[in-house]
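K.L.:
A single structure is presented below for examination.
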Amino acid sequence: MTDITAAPNLKNLPPETLDFTLLKTTTALAPRLGRLSLPGRKTLLTPGFLGNTSRGVVPHISHDNFAKNTNINGVYIPLEDFVEKLPQKTPPVFQIDTVDPLRRFIALPRDTLLVIGARRQPAIPCPAANTNSEVGILTSVGFRSISSDYYAAAARKLQPDIVIGLADIPFGQAAIGVRRKDKMSDRTESWMRDIIAKRNTIDKDERRFHIFAPILPIEGQLQSWYLDHLVDNMVDKISGVAIYDSHLLDELPEELQQLPRMSFDNPASPQALLRQISLGMDIFTVPFVSDATDAGIALDFTFPAPKKANLKNGSLRQSLGIDMWLTEHSGSMTPLTGACTCYTCIKHHRAYIQHLLSAKEMLGWVLIQLHNHAIMDTFFAGVRNSIANDTFEQDVTAFEAFYEPKLPEKTGEGPRVRGYQFQAPEHGKPTKKNPKAYKPLGAPLNAFHGQQPNKKPEIRDNIDDDALIGLIGLENVDPEEQFENLKLEDDK
Amino acid sequence: MAPLSMPSALTYELLGKCSVTKARAATLHLAHGPVPLPIFMPVATQASLKGLTPEQLEEAGCRLCLNNTYHLGLKPGQATLDAVGGAHKFQSWPHNILTVSFQMVSLLKLAKVTEEGVRFLSPHDGSPMLLTPEHSISLQNSIGSDIIMQLDDVIATTSPNLARMKEAMERSVRWLDRCIKAHKHPERQNLFCIIQGGLDLDLRRECTKEMVARDTPGIAIGGLSGGEAKDAYCKVVDTCTGLLPEKKPRYVMGVGYPEDLIVSIALGADMFDCVWPTRTARFGNAITARGVLNLRNAAYSEDFSPVEEGCQCVCCRSQEEGGLGITRGYIYHVTAKETAGAHLLTIHNVHYQLNLMKLAREAIVEDRYPAFVKEFFAKLYDGKSMYPEWAVNALKGVGVDLLSD
């Protein structure tokens, strides 16, 4: 990538600049069009979205599929997915001795925009309260905390394109006291200074990350101290804002208006997305995409919505997604949604996807996830078009009239849930995280295609999924009893 | 009764034979394109290879994969398969499919074999079901697989009951006749017989003779890979291939460890299948020329080299070489936590197996298979003293002395 002839003048080159151009903007609380670009990375048109990752991947989408079968131009990576060995060991990702180590580690394409933050999206509440210097995080092996210094050093080492400044937010707390809100403002201000100071240690000819300053989910006047400092002392050091409550767009200081706005106010539905867009939000991670995928729901909406005349059953509003678990799809040779040009819709049909879900084959979720991301991609393109044509407001009204307000409830089972994907309050529930796949049938089994390649006697006879697929569901039947009641011709 | 004969929908094109061992290289021409022999066939039990898209499987080099008749018969069911137009269309797989029959069913305590067929309990509602040779073939006709397997009476090779073993062998021959009779599309689907007889070489010889007389387009050796001693396994394969016609493909069912493949090829077998490479991938195990690496071991968490140095699969190749640049450390990071981790290692393991077959084929064509075998074992084990005795003995039987220099 480096031009050899330019090498001697490297020091004179400008640092990588993040350019955010507002292509269209009207008043303060109105939808706007923008373009976020960074040398060497794909341009992100806004409103737009980033791939929301878990452990470095968009769930279910392996890296080759990511490059080939999605149009995702940028990803959001939470640091908490990479630091489980703390504090006993230096996390592996910090030991990679190359440029751009995080990108290398997660094998992200060179031109994909890389944004890091501390917490997953959405963040799972941590039991321990944040302190003046540390925030709680949840790693795959449990709750930990990281300091602001550590976070800044991590950003310095990992060389992402954009870093979301560390924010003191007590996730999961319903009511926050005034004094606590004061602290949030104080700490976040101080942590912003930490990361800016750390970035100043980067040599001029080294690639520098860009900082998005958090805007806390509390009333404007309660974080005014922080916002004043942001505006007075740091505004030329930050490249964007990370907004935890979209209502705060109303109170965003004038000086920060031109910066790109990334939403950490998780939208529950496309309608919620539209609401935030109408307030002038630019960049999103859309956690409901993966949630829908895990529930086996293929998203089915476009923006603008189709003309009302196409509505089935006259008055009823159309569903935002198709529950692919339903057996009614088992003979359907149509794609997930008619006009979609994603890999899934071009190559496969509903019957296959329904089969994959009911057979609990991983490919089912892969195909739905590819489709759901394509639907979001088209949705955002439609939104930008609509803003450009000055029809956004009408289009939103039509969308809300056309579609149901919420995504359909899930009926089938999702893929196996891992602990770190699990909301903490759910831990206390009496139900199991994952239903039992099968019960041992009593006798030791021995199957050609099912034997474990393991010499340990205690597990040698264990059979895992493949051999017994198709036999699950026998839980409520006592096979012995069933078998004895069988009348066989040979017994007569 | 005069044995029934049948047409063939394949061409076996022999490309070369090893001048020392019984290894053969060939191209098998099937309805959905040619496939190279020897071949390893990944197992897509339920019309899907463990999270990989058909495109990814194709890119890993696969041109012939397995589906399971029993599973597809239950889900999506014969009616859907008929409506869709077969398994190729159902899973959007443009290449060849082989459907294995109901092998494991008869091994489970849930099933009982009678002359009529296999009785078992429906996994859906626990109701008794009967599976006959005719039904098995009818299902496979609906699936439309390029290679279909007869219904056979399988019992564990380790069973001490010789009388039951003989009964199963003879019944398998009778069932083959019923399968041949029931087969509706011999002009486009190739029915393979399955030689039974446990570890008893006389039974195997008798079965082979009977089945070869039926003249099916290909021949499988079944009932193995169920926990029997490897020495006994090799003797059965060696005995059967010795009696088989040269111009037909030979499929040893359920075999998949790299050293088993290499030895079995030397014993004259051409086709193999096993779920092990893809299953073990989901447990974080990577197959390499130097053995299986358990990448869930913390030792790999800081190992930033590719899964296997020099491997040409899309995961292992660096981004500079057009690959993904996946490292052992990253696999450690995602295995068992994100499904994509399993997908990546599955791609690698399938590629490893297919590439091993490709290298074996080249070695046979160039008539240097014995040297290839020696090289393979030298890489896999730390020193000759570690070589498994069964492999040394089996290879000695076909003229390769692993222990000599």
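Glycine residues also receive a Cβ, built from the backbone N, Cα and C atoms like all the rest.
In TrEMBL, annotation is done automatically, which means it is predicted and not curated.
TrEMBL feature annotations, pasted as is:
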- A:Cys340, A:Cys342, A:Cys345, A:His371: Zn(2+) binding site (BINDING)
- A:31-403: domain 'tRNA-guanine(15) transglycosylase-like' (DOMAIN)
- A:421-461: region 'Disordered' (REGION)
K.L.:
Can you list the residues of the same chain, besides A:Cys340, A:Cys342, A:Cys345, A:His371, whose Cβ falls within 8 Å of the Zn(2+) site's Cβ centroid?
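P.N.:
Along the chain, the qualifying residues are A:Pro335, A:Leu336, A:Thr337, A:Thr341, A:Tyr343, A:Thr344, A:Ile346, A:Leu370, A:Ala374, A:Ile375.
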K.L.:
Which one, from the binding-site residues A:Cys340, A:Cys342, A:Cys345, has the smallest tally of other C-beta atoms lying within 10 Å of its C-beta?
P.N.:
A:Cys340
K.L.:
My understanding is the cutoff is Cβ-Cβ under 8 Å with a sequence separation of 6 or more in the same chain; which residues meet that for A:His371 (Zn(2+) binding site)?
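P.N.:
Same-chain residues close to A:His371 (Zn(2+) binding site) (Cβ under 8 Å, separated by 6 or more) are A:Ala298, A:Leu299, A:Leu336, A:Thr337, A:Cys340, A:Cys342, A:Thr344, A:Cys345.
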K.L.:
Given the model, what does the mean pLDDT over the domain 'tRNA-guanine(15) transglycosylase-like' (A:31-403) come out as?
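P.N.:
That stretch averages a pLDDT of 94.
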K.L.:
Let me know the DSSP-derived helix, strand or coil state of A:Cys342 (Zn(2+) binding site), please.
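P.N.:
Looking at the DSSP assignment, A:Cys342 (Zn(2+) binding site) belongs to neither helix nor strand, so coil.
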